[in-house]
Structures are given as structure tokens and as C-alpha cells.
Amino acid sequence: MKITFIGGGNMASALIAGLAGQLTAGANIHVVDPNPEQLARLADNFGVTTATQVDDKVGDSGVIVLAVKPQQMREVAAGLAPHLAGQPLLLSIAAGIRGVDLARWLGGYGAIVRTMPNTPALIGRGITGMVAMGGVTAAQKQAADDIMKAVGATVWLDDEALIDPVTAVSGSGPAYVFYFIEAMQQAAQELGLTEEQGKQLALATFAGASQLAAQSPDEVAVLRERVTSKGGTTYAALVSMEQSGVKQAIIEAVKAASARGRELGEQLGGDGA
Ligand SMILES: NC(=O)C1=CN([C@@H]2O[C@H](COP(=O)(O)OP(=O)(O)OC[C@H]3O[C@@H](n4cnc5c(N)ncnc54)[C@H](O)[C@@H]3O)[C@@H](O)[C@H]2O)C=CC1
Ligand SMILES: O=C(O)[C@@H]1CCC=N1
């Protein structure tokens with residue numbers, strides 16, 4: 001099956017990298033992006049075919065992945081509308097953009113699955129939240145699931161409104177983890193370790209702790225308590241974090257991301273025109 005990506009930026013590149021390793025021929029992937037450097041990089045690395053704008057070649061795609069910024073989606077959808085005679089599945093990865101708005105911009109085309117992947121897809125360790133709009137067939141839903149499972153796990157939602165919370169937790173989530181790792185690395189250096197040592201210690205700790213949490217039958221809070229000797233070093237760190245309101249700040253940050261997703265949908269979807 002031919003999969004066309006409209007937009008070949010960061011998230012599309014992560015998906016293509018994950019998919020290219022799974023498909024028998026990278027040439028089954030076609031990428032449309034106005035940036036020739038972006039296209040050259042994707043063609044060199046993954047053997048995809050490329051174009052700088054949507055043309056008739058997009059028409060024979062079984063799946064079209066919409067991977068442009070939310071602000072570009074309306075224009076891209078309008079340009080795509082004349083090329084949907086082959087009834088492809090449209091897979092949107094854009095934050096915020098509501099299915100009803102996308103369908104309208106596509107000229108009333110309803111075979112849309114909204115998804116929210118994340119960048120660990122690049123190494124096949126992504127997780128994608130997904131919701132199917134009314135015009136999606138069972139076979140198309142399966143195809144969407146197959147594509148996203150090629151780059152990690154999938155979580156299907158019944159309620160489209162929940163895609164904003166998914167965006168806030170797992171779509172944006174890698175950035176929070178990187179932020180925490182950056183802080184750990186900076187602390188390591190300020191305490192006298194080398195940059196390399198700090199990096200090695202922080203990364204191995206994140207990988208080990210998250211694997212342990214995934215594999216353990218115990219709740220994460222129990223695992224945390226097992227590290228925390230009374231009056232010990234971890235206790236000192238956690239008291240400091242509590243005093244600084246770190247947990248509440250993280251909760252509020254995730255809620256801010258979710259609210260921004262909803263706001264983007266309302267702003268860009270406008271009054272339904
Ligand atoms: N970066 C991430 O971690 C995630 C991003 N997303 C979503 O993915 C989408 C893309 O985000 P990024 O990849 O981060 O942005 P990006 O800026 O890296 O990529 C956007 C790409 O679209 C291209 N483009 C612009 N106008 C175009 C047009 N008319 N036709 C075709 N291509 C066009 C740009 O040249 C660029 O390569 C957004 O809607 C975002 O909400 C979703 C999940 C995670
Ligand atoms: O920051 C953003 O808006 C996109 C959506 C999820 C991750 N990146």
C-alpha cells in the first residue's frame with residue numbers, strides 16, 4: 001500500500017524512520033513537502049519518493065498522513081480535496097485540529113482517523129492515541145492501527161475530546177522527560193561529575209526506572225518508596241521537590257498542554273465556515 005505524507009518534518013520523519021524499517025520497500029512511502037532539503041534527507045535515508053507539492057500522484061495512495069503544523073492544515077486540506085477520488089484513509093497527526101473541521105476543509109470527506117503519536121516512534125517505541133471519525137471503514141481503522149503499531153503501541157479512544165489529554169501526556173510527554181534529564185545532567189555537572197558521566201547516569205536511570213515500573217506488579221508510588229530510606233538522601237531530594245511544588249507544577253503543565261490543544265482546535269476550526 002502506498003502511504004503519502006503531506007509534511008516531512010520532525011514527527012513525519014520519526015514515523016517514516018519507524019515505518020521504513022517495517023515495509024519491504026521504502027519506495028511505498030511518498031512525501032510531499034515544500035522544503036527540498038527535508039525531502040532530500042528523507043529520500044537519502046529511507047528511499048522514499050518525494051514531491052514539493054500535491055499533484056495527481058497523491059491520488060493512488062491508500063493512506064494520506066497529514067503531518068503539517070495545525071496552522072497549515074486548512075490550506076493543505078483544501079489543496080488535497082480534488083485528489084480524494086480513490087477514497088484514501090486520511091490520518092491526521094495534528095494537535096488540536098478537530099475531525100469535523102478537517103472533514104469540512106476536505107470538502108465533506110469523512111474517512112479520517114485523528115491520531116497523536118510521539119517522537120520515540122523513531123526507534124519503534126512510540127505510543128499513539130487514535131480516534132476514528134464516522135466515515136472510516138473497519139478495514140481503514142485496521143490499516144491505521146497497523147501503521148501506528150509499526151512504530152510502537154496504540155490506544156484507541158471513543159471520545160474525540162480525549163485526544164487533547166493524550167496530546168498533553170504522551171504527544172508532548174517526551175519533551176517533559178528530556179527536560180527532566182537535562183536538569184539531572186546539569187545537577188550532576190554542578191556537583192562535579194563530567195558531562196559524559198552525568199549523561200550516562202541520568203539516561204541509564206531513566207531507562208532502568210521506566211522499564212522497572214513497566215515490568216513490576218507494584219504501583220509506581222511503591223517503587224518510589226522503596227528507593228526512599230527514612231532520613232536518607234532520596235528523602236532529602238523528595239522533600240525539596242515537594243517544597244518547590246514540583247509535582248503540582250507538572251500536573252498544571254500537562255493540563256496547560258491539554259487546554260492549548262483544545263484552544264488550537266477552537267481557534268483554527270473557527271466558526272465552522
Ligand atoms: N513534533 C512532535 O513531537 C509531534 C508533532 N505532532 C504534530 O505533527 C505535526 C507536524 O509537527 P512537526 O513535525 O513537529 O513540525 P515540523 O515543522 O517539523 O514539520 C512540518 C513540515 O510541514 C512542511 N510544510 C509546510 N507547509 C506545507 C505544505 N503546504 N504542504 C506540505 N508540507 C508542508 C514543512 O516544510 C515542514 O517540513 C503538527 O501538526 C504537530 O501537532 C504530533 C505529535 C508529536
Ligand atoms: O508541541 C506540539 O504542539 C506538538 C504536539 C505534540 C507534540 N508536539
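In case you wondered, yes, glycine gets a Cβ from its N, Cα and C as well.
Remember, TrEMBL labels are computer predictions, not curated facts.
Feature annotations, courtesy of TrEMBL:
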DOMAIN    2-96  domain 'Pyrroline-5-carboxylate reductase catalytic N-terminal'
BINDING   ILE6, GLY7, GLY8, GLY9, ASN10, MET11, ALA67, VAL68, LYS69, PRO70  NADP(+) binding site
DOMAIN    160-264  domain 'Pyrroline-5-carboxylate reductase dimerisation'
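For the domain 'Pyrroline-5-carboxylate reductase catalytic N-terminal' (2-96), the number of residues in each DSSP class (helix H, G, I; strand E, B; coil) is 44 helix, 19 strand, 32 coil. Residues ILE6, GLY7, GLY8, GLY9, ASN10, MET11, ALA67, VAL68, LYS69, PRO70 are the ones the record ties to NADP(+), and the longest Cα gap between any two of them is 14 Å. Comparing local CB density within 10 A for the binding-site residues ILE6, LYS69, the maximum falls on ILE6. Most other Cβ atoms within 10 A: among the binding-site residues GLY8, ALA67, that distinction falls to ALA67.
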